Each structure stands twice: as C-alpha cells, then as structure tokens.
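Just below is one structure, and these are the notes that go with it.
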Amino acid sequence: MELKKSPDGGWGWVIVFVSFFTQFLCYGSPLAVGVLYIEWLDAFGEGKGKTAWVGSLASGVGLLASPVCSLCVSSFGARPVTIFSGFMVAGGLMLSSFAPNIYFLFFSYGIVVGLGCGLLYTATVTITCQYFDDRRGLALGLISTGSSVGLFIYAALQRMLVEFYGLDGCLLIVGALALNILACGSLMRPLQSSDCPLPKKIAPEDLPDKYCIYNEKGKNLEENINILDKSYSSEEKCRSMLANGDWKQESLLLKNPTVTHTKEPETYKKKVAEQTYFCKQLAKRKWQLYKNYCGETVALFKNKVFSALFIAILLFDIGGFPPSLLMEDVARSSNVKEEEFIMPLISIIGIMTAVGKLLLGILADFKWINTLYLYVATLIIMGLALCAIPFAKSYVTLALLSAILGFFTGNWSIFPYVTTKTVGIEKLAHAYGILMFFAGLGNSLGPPIVGWFYDWTQTYDIAFYFSGFCVLLGGFILLLAALPSWNTCNKQLPKPAPTTFLYKVASNV
C-alpha cells in the first residue's frame, strides 16, 4: 500500500501539535531526572556511578530498542503504539514511587519508562516525516522542542513537588500527568492510502509459471499425496501389529473395511497436501525477507558517511548526555551556593535545547546550508564546551556553559534530516533504527562512566575531559568522511524494485 504525497500542512499541523505534547509529557521527567538523581543519592546512599544508571537507562533503553520500536510502528501504526506507550510511561513513573531500592528503579524507571519513551519517539518522528516533505526540518524541529520544554518545566516542577509531597508523591503526580499521552495519541490519524485502485486479485492457479519464484518442479502435488498415502499405509501396519496382541477391539476395527483409511475422501488428501506445500513456500518467503533485511543492513554500512554517522552518534551520546543529568551535582561539587541559583542549570539546558532545536530545524530547510556540515559544527562546538566545564567554578560560568551545551544539543532535530539525506526516505526507518540503537548505547554508558570517574577521583574534571574528547572525536570522524563525498551522499539511493513473492498452489482438479 502506497501513501499519498506528503501534504506539508493541513492535518499535519495537528500531528505536529500532538507530537510536541507527547514528547513534552513523556520526556519531561526522564530528561529532568537530575533533580531526582540528587534525591535518590540521599534516599538510597548508593554511589554516583550506580545511581546514574537509573537516568541513563531511562534515556538509553528506548534508543537501544529502536529497531524493535521501528518494527512496532511499521506493523501497528503510530496511533496504537502511542496509546500503548502512554500506559507504559505513566505506569512506570507511578510504580517508581513504591521503589524499595535502587535496583527496583532500574526496572520501573529505567526500563519501563525508557522503553515507553523510545516507542513514543519513534512514532512521533515517523508520522511527522510521513506528513511533511518540503517543511520536514521545521516540523521535526517543532516536535523535538517538546522534550526540551518538558525538561525546562519538569526541572522546576519536580523540585517543587518533592518539597511539597516528597519523592514518592512527586513520581505519582508526574505519572498521572503522563496519562494525557493517550489523548494525544488518539489524534494521530494515519496518512490515508493513495486513491489508486488495488490490483485485481489473481487466483494462484491462474499465475504463469514464470511468476512463481519458488517453483519446485520435482515436488508437486502428486508427490505430496504419495507421501500422505505412505504415512497412511505405515499407520495401518502399526495397527495390524497391535491387533496381534491383546488389543482385540483394535483388530476388530481393522477387520472392518468401513473404518480403514482407504475410503478417506481424496479431496482431503489434496487439501492437506496443498497446505503443506503452502507452508513450505511461506517459510521460504520469511527466510528471503530476513536475507533481504541483512543485505540492506550491509549495504547501509557500505556507505562511509552512514558508518561515520553511527560512530559520531555513539560518541556524542557517551559524552554529550551526562551534563543534563549531572550538572546540578557538578554545581554542588563546585561549592556553588544555593542563593546564587537564579534558575536551575537543568532548566537552562532545557530551554536552550528547545531554542536550538527550533533554530537548527529552520536552518536545515535552507537549500544553501549543508545540513551535514551544520551537524558536524554542533558536535565540535559542544565538545569544546564540555572540555571547559572543569574551569567553571561559579554559577555564571556554569549557566553560560549550560546554555551553550543546551543549544547545540538541539542538533537532535536535524539528525533525522541528516539521516534522510544520507540514505534516502525509503530506508529512513531501517537506518534510523540502527542509529538510535547506538545512540541508546551511548546514553546508557555515558552518565555511569562520568559517575565512576567521580567515585575514583572525587572530581568531575577528568570525566568531562573524557566527555569532550568523545564528542570532538565523533565530529572530526564525520567531517573526514563527509568532506570528499557529500555530493554523492546527497543523492538518494535508487529505490529498489519491490520484491513480490507469489505462490503457485496446485489445483484441486
């Protein structure tokens, strides 16, 4: 089934609106988990590296499961996946309020909430890309600002809720707010199929032999029937052997010709043979699909820009994600007084991420801007800002660096755009799922690594030097891969001819 041409407007703006609020409601708490991180450190008394796993899993598990999330969205559609994921996010947040230890939070907050967020992210990005083509950069920028605005608001909201209702009450209220995702998902109307009439269904027996991919001349219907006849004769022999023993009733049945299989209708044999033959062809079809999927994956990695892109996103998430989780603790470790806090550092990161996503998304729509080079520039500047964090010892400098980091973290809005330009819209879901898997791996490893560095050295200096080096390395690798061949990567890969599996089922005649 082919979809209509992207309308670039109309109901698509409703999709943008509800996708914005979906990301706002699902990512608000996981991205602002730095507020809860400090509470969990005091409540459970675990090390910073171990406690950081909760927030890193919440952001990383969904991305690690991106291939599965893409498969779910492709199979069931964005609307059912969004509604189901809303229950997961809300249930995981409420369940976390009853956590007796940090290990329970690994499951309830890290895995359940994280997987729900991953499904929601894939659903919103996929349906937005279907509704927009010429304005795709603007649309992706708008919906991706939802998570950033959520980070800005939830950072202050969760702090206020913890003060008034405690940690458990905060998680219950935030989980109840997440139930509004169900209302947003109900408005995600799928893009209608094209008005082209469906081809007339052709009976399998009317298909010419040349259209049968799996035409096994040696194994036709008569051979399958012969196999069935042999099985029936073997069964009769077994029954005769039993009749020679104590089973007298069995021997009487064998003597009665009316109950033997000789009178079994011939049509039944043919029907069973046809089903056997069809199952065999279906198994071959599934195997062929798996081979095609593996072949397409290998073909993607033969594109050197795509290979560099997956390295860059892995290193970017290892180094770039920890500030949003640990910046509050960085300020506390630098002996910044609470009276100096005009605004939480996480809130600054959140609002500047929203601004960055919107502005970078708008820039991506300009034809004269090379989107890949724009993405590389965000990585390099962000890596330099991470290396400067150890030199920041006051609230003003930390706030300035948080603003820079937040703005360039907004490159998430142009990442689907870069992926589309690299592999083409036809392979977007496949390629994006692979890239998000590596992004999730980086998200899961980054904060614990930084936390372990602090546990070993009792300072964040070496940890943020490491983070900055990772982001810079990813940016330079992608730059080297893109410099000589961006024009060839800009050309969409030729659309493969659709593979059709047709079966020739033997006739009953």
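Along the chain as shown, residues are numbered 1 onward.
In case you wondered, yes, glycine gets a Cβ from its N, Cα and C as well.
Feature annotation from TrEMBL assigns domain 'Major facilitator superfamily (MFS) profile' to 15-486.
Annotation comment: TrEMBL describes 12-40 (among others) as transmembrane segment.
Residues or ranges marked as transmembrane segment by TrEMBL: 52-74 (among others). Residues 30-31, 33-34, 36-37, 40, 81, 102, 105-106, 109-111, 113-119, 121-123, 126, 317, 321-322, 325-326, 429-430, 432-437, 439-448, 450-451 of the same chain lie 6+ residues outside the transmembrane segment (52-74) yet bring a C-beta within less than 8 angstroms of a C-beta in it.
Feature annotation from TrEMBL assigns transmembrane segment to 81-99 (among others).
Summarising the annotation, TrEMBL assigns transmembrane segment to 105-125 (among others).
Under 8 Å from some Cβ of the transmembrane segment (137-157) lie the Cβ atoms of residues 12, 16, 19-29, 31-32, 34-35, 124-125, 128-129, 131, 174, 324, 344, 346-347, 349-354, 356-365, 371, 406, 410, 412-414, 416-417, all in the same chain and six or more residues away from its ends. Per TrEMBL, transmembrane segment is recorded for 137-157 (among others).
Under 8 Å from some Cβ of the transmembrane segment (163-183) lie the Cβ atoms of residues 21-22, 25-26, 28-29, 36, 39-40, 43, 82-83, 85-87, 89-94, 96-98, 120, 154, 157, all in the same chain and six or more residues away from its ends. If you look up TrEMBL, you'll see 163-183 (among others) marked as transmembrane segment.
Distant neighbours of the transmembrane segment (305-321): 56, 59-60, 63, 372, 379, 382-383, 386, 405, 409, 415, 418-419, 422-423, 431, 434-435, 438-443, 445-447, 449, 466-471, 473-475, 477-478, 480-482, 485-486, 489; these residues of the same chain sit at least 6 beyond its ends, with a Cβ under 8 Å from one of its Cβ atoms. For 305-321 (among others), the entry in TrEMBL reads transmembrane segment.
Per TrEMBL, transmembrane segment is recorded for 341-360 (among others). Beyond its flanks by at least six residues, the transmembrane segment (341-360) meets 31-32, 34-35, 141-142, 144-145, 147-156, 159, 323-324, 327-328, 330-331, 374, 378, 395, 398-399, 402-414 of its own chain at Cβ-Cβ distances under 8 Å.
Annotation comment: TrEMBL describes 372-392 (among others) as transmembrane segment.
Sequence annotations record features per position, and here TrEMBL assigns transmembrane segment to 398-419 (among others). Counting same-chain residues at least six beyond the ends of the transmembrane segment (398-419), those with a Cβ under 8 angstroms from any Cβ of the stretch are 125, 129, 136-137, 140-141, 144-145, 148, 309, 313, 320, 323-324, 327, 330-331, 334, 336, 342-343, 345, 348-361, 363-364, 371-372, 374-375, 378-379, 381-382, 385-386, 388-389, 392, 428, 431-432, 435.
What TrEMBL records for 431-450 (among others) is transmembrane segment. Note on the transmembrane segment (431-450): residues 49-50, 52-53, 55-57, 59-67, 69-71, 118, 122, 125, 297, 300, 306, 309-310, 313-322, 325-326, 415-416, 419, 422-423, 460, 463-464, 466-467 of its chain, located 6 or more positions outside it, place their CB under 8 angstroms from a CB of the stretch.
Sequence-distant contacts of the transmembrane segment (462-483) (same chain, at least 6 residues past either end, Cβ-Cβ under 8 Å): 304-305, 307-309, 311-316, 318-320, 322-323, 372-373, 375-376, 379-380, 382-390, 446, 449-451, 453-454, 489. Annotation comment: TrEMBL describes 462-483 (among others) as transmembrane segment.
The transmembrane segment (12-40) makes no contact with the transmembrane segment (372-392): fewer than 3 of their CB pairs lie within 8 A, with pairs spaced 6 or more apart in sequence. The transmembrane segment (105-125) makes contact with the transmembrane segment (81-99), as judged by at least three Cβ pairs under 8 Å among residues 6 or more apart in sequence.
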